[in-house]
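K.L.:
Pasting in a structure now, in structure tokens, and then I'll have a few things to ask.
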Amino acid sequence: MLDKFCNSTFWNSSLLDSPEADLPLCFEQTVLVWIPLIFLWLLAPWQLFHVYRSRTKRSPITKFYLAKQVLVGCLLILAVIELILVLTENSGQATIPAVRYTNPILYLVTWLLVLLIQHSRQSCVQKNSWFLSLFWILSILCGTFQFQTLIRTLLRDSNSNLAYSCLFFISYGFQILILILSAFSEKDNSSKNPSVTASFLSKISFSWYDSVVLKGYKRPLTLEDVWDIDEEFKAKTIVSRFEVHMAKELKKARKAFQKRQQKKSQKNSRLQGLNKNQSQSQDVLVLEETKKKNKKSGTTKDFPKSWLVKTIFKTFYMVLLKSFLLKLVYDLLTFLNPQLLKLLITFVSDPNSYAWLGYIFAILLFAVALIQSICLQTYFHMCFNLGMCVGTTVMATVYKKALTISNLAKRQYTIGETVNLMSVDAQKLMDVTNFIHLVWSSVLQIVLSIYFLWVELGPSVLAGVGVMVLLIPVNGILATKNRNIQFKNMKYKDKRLRIMNEILSGMKILKYFAWEPSFKDQVHNLRKKELKNLRTFAYMQSVVMFLLYLTPVLVSVTTFSVYVLVDSNNILDAEKAFTSITLFNILRFPMSMLPNVISAMLQASVSVDRLEKYLSGDDLDTSAIQRDPNFDKAVQFSEASFTWDRNLEPTIRNVNLDIMPGQLVAVVGTVGSGKSSLMSAMLGEMENVHGHITIKGTTAYVPQQSWIQNGTIKDNILFGAEFDERRYQRVLEACALLPDLEILPGGDLAEIGEKGINLSGGQKQRISLARASYQNSDIYILDDPLSAVDAHVGKHIFNKVLGPNGLLNGKTRLLVTHSLHFLPQVDEIVVVENGTILEKGSYSSLLAKKGVFAKNLKMFVKHTDSEGEVTVNDGSEEDDDDDSGLISSIEEFPEDSISLTLKRENSLHRTLSRSSRSSGRRLKSLKNSLKAQNGKTPKEEEVVKGQKLIKKEFMETGKVKFSIYLKYLQAIGWCSIVGIIFAYVLNSVAFIGSNLWLSAWTSDSNTYNGTNYPASQRDLRIGIFGVLGLAQGLTVLVASFWSASGCAHASNILHKQLLNNILRAPMSFFNTTPIGRIVNRFAGDISTVDDTLPQSLRSWMMCFLAIISTLIMICMATPVFAVIIIPLAIIYVAVQVFYVATSRQLRRLDSVTRSPIYSHFTETVSGLPVIRAFEHQQRFLKQNEIGIDTNQKCVSSWITSNRWLAFRLELVGNLVVFSSALMMVIYRDTLSGDVVGFVLSNALNITQTLNWLVRMTSETETNIVAVERITEYIKVENEAPWVTDKRPPAGWPHKGEIQFSNYQVRYRPELDLVLKGINCDIKSMEKIGVVGRTGAGKSSLTNCLFRILEAAGGHITIDGIDIASIGLHDLRGKLTIIPQDPVLFSGSLRMNLDPFNNYSDEEIWRALELAHLKSFVAGLQHGLSREVSEAEDNLSIGQRQLLCLGRALLRKSKILVLDEATAAVDLETDHLIQTTIRNEFSHCTVITIAHRLHTIMDSDKIMVLDNGNIVEYGSPEELLESAGPFSLMAKESGIENVNNTAFWAAAARDAGAGRLSPGFASVT
């Protein structure tokens, strides 16, 4: 039929037998013309529909668009001309074939369609159509045959159809021009990422990334150089898609979980029924015990399962499908190579075959390899981006869950464990996603390999398959063991990171008590277990590697042996051998990768379980908190009962309470009565038992322990709200922050560090209050905000913020307070006891009622006046039953004596006192400066010296220094390195030997052609080939074992050095370095050194030697190939140099941008109640998304850089294959089939090996960055040695005499002095009180005594010994401190008291008795073994402070420092601590940093500090008599003489004798 259509022959059946490759003209004019046209017309409707759906605003006409349209227009004109020529041809000639009419008409219509498509693309972001590019490529390729036919026809006959030929040549040229134009992309200003607008050719070759690589080569890349990720990869887009499917799948999983629970319940019921009339069986007891343990630990083995993987699949199924198709095409094309190799060997072996066939085979080899490269790299790009998306999804979802998780579920996880979910577990899922298709792909490749091997060798291949099958269960057993080891290791890692988190959080306490060695041992012990598992895992992996490496060798040896042994006529020739070897090489990859993928999947399954358990945990149930904007009351409790744990009794019980809008309500009660729980219930932080709470309007919350974000003071106060300068200034003034801003460098733009590390407790609390005040909410929940400020500041804040005339006047305020003198000014008082409301009413009504509140209040006033210490009302309180004077009495009490839970706060004490005459002028000046600052934020270079407390994370640039590699190699050990290299070299020798031996074996087919093959020769060939194969496996096993041992040793050394150095770093390092940044070294970087780096080093060594071996073998066969290697090597090296510079820096950027994600997460978890109260979850989610997107743009860029490199390397590899094949064709007369097979079978491997080599080079350099980052912290400057040769005498200090001589100190070299020439003598057993405002130098004095700060000048001597001359532990171990913040660590109570086990149980119990904790600890279930949780939430602040007192009592050193030790405790606890100190430390030198003047009035001497100088120093009597700063402070506190302070002793006696009821400490 087609013959008639063309009037010529359609197909020539003897084409392959002709000396010239010439397709029939009819075939060229029909099939080769129609293929591209059919492709275009089939896809055009779908393309136009897609354009219609995704169209955006039409872009302006560009030169590219015009050029392409003009060229297509020219093609249209040429088609018209051709049609006219056909129609006007001489009718006298022979009949014109139909094809001459149809082709121009088809082209005419097609070019019109192309014009339409190109025009429609102008309304899309992507102007170039990928399918149009494919059409042009197909059209040009198909036209090539017609092009060469016309050329040859014209050369034979110059007048043959010249016009038609010219039209074709012009059309062909235009098509090439259009394809060239299509390779360039038209820029779109709406897109920041060029990948969005990149052309098809640019995308498949990753050429759009060239500019980044060039930039990275010229200079180190910065974050600004990296393009933003495309919208589809952003966290918000991905998570929104993920959550839709997650909701459905989680719902199904929960139903399945409930069914499992019901079945278990029924089974247990039956079990109990069987044992009803018998004593409980052992099994039931064990079951019950297990339940108890699970309940206690907060963990359950069962939870909603198997939903996460389904959700991920449903979210990303399109990417999975596309990547599946690409991998399928790649795998199928892989099996064309052995067939082409076979054809080439046949071609060389047959001297009669035509040369053009050889060239066609060589070109086909190159074409197949090129298509494979495009498919593989696009596949990898998709999969790695998918992995990145999965990682993004996990991190964002875990963060979002953390914002909604219930408190009960949250308690099951430490912060370290949750961070691990975001880092380690997310990474495991990313890794497995990258190679998920290898599961089915490996199976497909194995099956196809076996099939093609059967075709070559027949049933003999079954012997090889049998070997593979036998090894499957072995690999399965090893994989299972590896999973268990991995699971254990994750637990050890979690524990280690938890301890590290605590160490870093409580570093100052460790240094004060010289406890670093104890905690170092704890970490080392866990690390030993971790490394033991790591070694076992590495050894198991070595065995797996050995089996994987040996399997293809065993299979090939077995198969070849059986093939030649079963039939004497079976002789192994080059065709069979090298085709089979190529198939065995194909088989090697899936065989080696499948167990790795299975192992990765097993590891990922552990992570999936952990993530499913966390993400399926219960959310905070706020259904009991009803918000009604039209409600007539501000807050209403209706029969409300709430609990922290449903397994425990309710903490808040049957509360009925109405609070009207605008009221100021004080909540008072005993310690542990439920005041804070009542506030938490209102915030929805507790589990509802029954009843509900109705709230009208928005809430703001000030927690008891202030939560400060790492940022500026201004950011903390604004808390995401719009900046209103007038309100902002009012808030600063009302919260008494203006004087503090004057002290701080940079004012409100000063960075205040992680957790507000460089602020006092009072400053943090006032910033917390300012944050709430600025928000302009309807209801303010204030949990004891005045506890951290002194009396004058408290009064100022109450009057200016909380009180009737304060900033929040008109707002509803619930105030938990311990300050009696404010109670008369509140609208209502709520008295809480044991979770219930005892009384409620106004101050006067409660007094009139004469209930618990009035009774305790009168008792307080009576005992105060009975001693005659405080005279406030001229005898108006004589009648005990008369309440009329109580209001005035309470109002006129000296605040310093009534405020029962005060914390250090002297900054405003000074600035608000009468001694500050210039206060007004300074405040005005500061306001003006703040206005200037808020109007225009200073640039970074304008920031005041010392303003930026948190240093920007240091990032190396350029090549990783050789010293880093050297450090790692030294850590491995030079003996191990030599052994590893030697083993791998032997492996390469065995590899070359086995190939040469196989080549010699196949040449036997020529030697013994037609004759009997000697059995001895056959056996020799088999034996040596088998020995060489076994040698390859054994050398890999030895190298892997040696490497595993050496790398584990290196990991141990680096971790040990890092830990030792971090523990020895000065406090200034921790003050300027966020904890998350340090933890990242112990988590991510150590994990890289443990797992990834050893693997990449091993792979690099194997790839490098494999390439050298292959090139040696090719050059041995064809020496001329050495000439081609040189230019290819230059290209290879150039590409690598360009790539490595970029990749290395991108990896560094990845590390630097990852730390803030974890820091932000840790910060969020610690401030959850505040974030929820302000309803700022969405803002924090957005911040997290921005952080993730910033990190992921570095990851995405790194992924693209890998693909950019791989494509170019594979191109080099493909050129090696093409060059080798070309050489075989050119020199076929001098080569034999076995040489061709030998060369090409190895050349086919080089593409993949080259790719892996550069990837491993990059991976190694990328991963060695972890060693670089660890080394950075190993090199951190240490504080002084813990122990020196000069040690103090035994029993030192025996007196406790301290002398400061012209002592000067500064916090950091670039900062000013904080102590400026301190001179004073403290005699033995003296009691010294130290006072002064914030910034005066009080805490600095303490830090100097412990050498937390080192002297900038002068010296301190204790008992005649200069403390700078002895070791830090010799010094700190002999001093004792009770710090302001009572820090405890996870572990037992005993460990917290005595981490070194230096004391007996009797001594510890005695210390607890003196600390008034014996009965409490004895009453605990496990006594001294009772575990303290990470957040210390199972002990009150008072109990923690008493434990700190217990530490001091155990030490019983001659010098005791009280750094505002009773600042955060109530009167009872304060009294207990003060009494114990007076009794037990009477023979010691005691230095007290004062928060209340009354506590230091019985001191021998008072030291008044101001601006780093001692302004007064003398006995209290002397200082009160002089008209100095201390005298003014005392008068303001109501102290006129030393005897005035007897109030405290009286109150203490009453409380101790039981004459004061517990309410005394609570009506506060």
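Including glycine, each Cβ sits where the backbone N, Cα and C put it.
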K.L.:
Can you dig through Swiss-Prot and tell me which residue of ASN189, ASN758, ASN1009 is labelled N-linked glycosylation site?
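P.N.:
In Swiss-Prot, ASN1009 carries the N-linked glycosylation site label; others show none in the record.
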K.L.:
Labelled N-linked glycosylation site in Swiss-Prot - which residue from ASN7, ASN1071, ASN1398, ASN1539 would that be?
P.N.:
ASN7
K.L.:
Same side of the membrane or not: does Swiss-Prot put ASP22 with TRP997?
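P.N.:
Topology check (Swiss-Prot): ASP22 vs TRP997, same domain name.
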K.L.:
Hey, which of ASN12, ASN834, ASN1245 does Swiss-Prot call N-linked glycosylation site?
P.N.:
ASN12
K.L.:
Scan 843-863, 1032-1052, 1263-1283 against Swiss-Prot and say which stretch is down as transmembrane segment.
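P.N.:
That would be 1032-1052, per the transmembrane segment entry in Swiss-Prot.
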K.L.:
Tell me which range among 729-749, 1233-1253, 1401-1421, 1443-1463 Swiss-Prot lists as transmembrane segment.
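P.N.:
It is 1233-1253 that Swiss-Prot annotates as transmembrane segment.
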K.L.:
Is the number of Cβ-Cβ pairs under 8 Å between the transmembrane segment (460-480) and the transmembrane segment (586-606) three or more, considering only pairs separated by 6 or more positions?
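P.N.:
These two segments touch.
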K.L.:
Going by DSSP, how much of the compositional bias 'Basic residues' (258-267) is helix, how much is strand and how much is coil, in residues?
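P.N.:
The counts are 10 helix, 0 strand, 0 coil.
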K.L.:
Mind checking which residues of the chain, 6+ beyond the ends of the transmembrane segment (312-332), have their Cβ under 8 Å from one of its Cβ atoms?
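P.N.:
Tertiary neighbours of the transmembrane segment (312-332) are 238, 241-242, 245, 249, 371-372, 375-376, 378-379, 382-383, 385-386, 389-390, 393, 429, 433, 436-437, 441, 444-445, 448.
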K.L.:
In the same chain, who gets a Cβ under 8 Å from the transmembrane segment (94-114) while lying at least 6 residues past its ends?
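P.N.:
Result: 5-8, 26, 29-30, 33-34, 37, 40-41, 44, 72-73, 75-76, 79-80, 82-83, 86, 132, 135.
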